[in-house]
Amino acid sequence: MAAPIRALVTGAAGQIGYSLVIQIANGSVFGKDQPVELVMLDVPFCAQSLDGVKMELQDCAFSTLTGVEAVTDEAAAFKNIDYAFLVGAMPRKEGMERKDLLAANVKIFKSQGKALAEHAKSTTKVLVVGNPANTNAFICAKYAAPKIPAENFSAMTRLDHNRALAQVAARAGVSVGSVKNVIIWGNHSSTQFPDVRHAKVQKDGKEADAYTAVNDTAFLQGEFISIVQKRGAAIIDRRKLSSAMSAAKAACDHIRDWHVGTQQGQWVSMAVPSDGSYGVPEGLIFSFPVEICPQSKKWKIVQGLELDDFAKQKIDVTTKELLEERDEALKACEAANM
Ligand code: NAD
């Protein structure tokens, strides 16, 4: 039997956590034959409900789950982990300014970056889900360096990617599995650029470009983009709660692909440290199309995609927002003498 994978979920007593931990525990992420030790972290105030989640996981009697811990202490949470799903974050409260939200999250992700450096393995792979996800990942990576390389840090845009797949499929009249290679560029925010210029659709027994299959350029360059950008707000409007089931599913997709690799000829969207590709400033945690090698488990930004002026202008907008967020977060680090 393989050695267990030790996976941490922060914010595990929250909404996304509740949908996420069951999928990690039942083998949907690392495989049906792969033992998993699950560590769940939340704040002390949530200790009791976290304990309830632990009891439910035990009662699920999954053969893949070889251990489950519920903790409120970062040192215990980050010890020897292989994967971290960083979901817990400070939510935006009414009247809170963006810079106050950033400052609160800088504190959390600085502390968790340090905990990673002190207690986790140097090979640990990290997915940041908690918002503002890209900038939180940037701060976390900064404080986990040099022990854990920047390439091991990512932020989640897979939910946006999945939303784009679903929208194209519905419009082209095919099932979602018949669509591939959509791209989310940039920030996990309303400035993101969902791009289907290079996407392919399997329809009527042959592969077509998404633009041909959908046959509605005005939709793909207008309504489609704003539907994907604003989908989170539309769900809050209906559910009065933010996306949780779909966010947890996307987090599982993200880590599963990182662990097992992407299929030949397919890419997925992941926010990863830029290497300067497509003119994005180096180091910025930016969503790109990536391919993941099944053997090395390393991601690579897909190169050589042609960008027209429409795409370049959209990518500029989201880059600018991310640079501003990064600078504000770094200022918050300084102000708090961090
Ligand atoms: P939630 O409020 O239900 O749960 C968050 C949990 O995190 C709470 O239990 C809270 O106690 C915990 N927490 C807060 N600070 C913590 C800390 N320092 N350490 C450990 N735990 C901590 O929220 P949710 O709906 O589960 O969403 C979680 C985060 O995910 C939010 O920031 C949300 O905006 C974000 N999100 C991201 C995406 C994405 O696509 N990237 C999608 C949906 C939601």
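The backbone N, Cα and C atoms fix where each Cβ goes, glycine too.
NAD(+) binds G11, A12, A13, G14, Q15, I16, G17, N105, V129, G130, N131 as TrEMBL records it, and from the list D42, D82, D160 the residue named for this site is D42. A13, Q15 are the binding-site residues among A13, Q15, R92, R163 whose C-beta comes within less than 6 Å of an atom of ligand 1, given in sequence order.
Working note on the recorded positions R163, H188: by count of other C-beta atoms within 10 Å of each C-beta, H188 ranks first.
For the binding site of substrate, formed by R92, R98, N131, R163 according to the record, the largest Cα to Cα distance is 25 Å, rounded to a whole number.
N105 (NAD(+) binding site) has a Cβ environment of 25 other Cβ atoms inside 10 Å. Listed recorded positions near N131 (substrate binding site): N105, H188 (candidates A13, Q15, G17, N105, H188; Cα-Cα distance within 10 Å).
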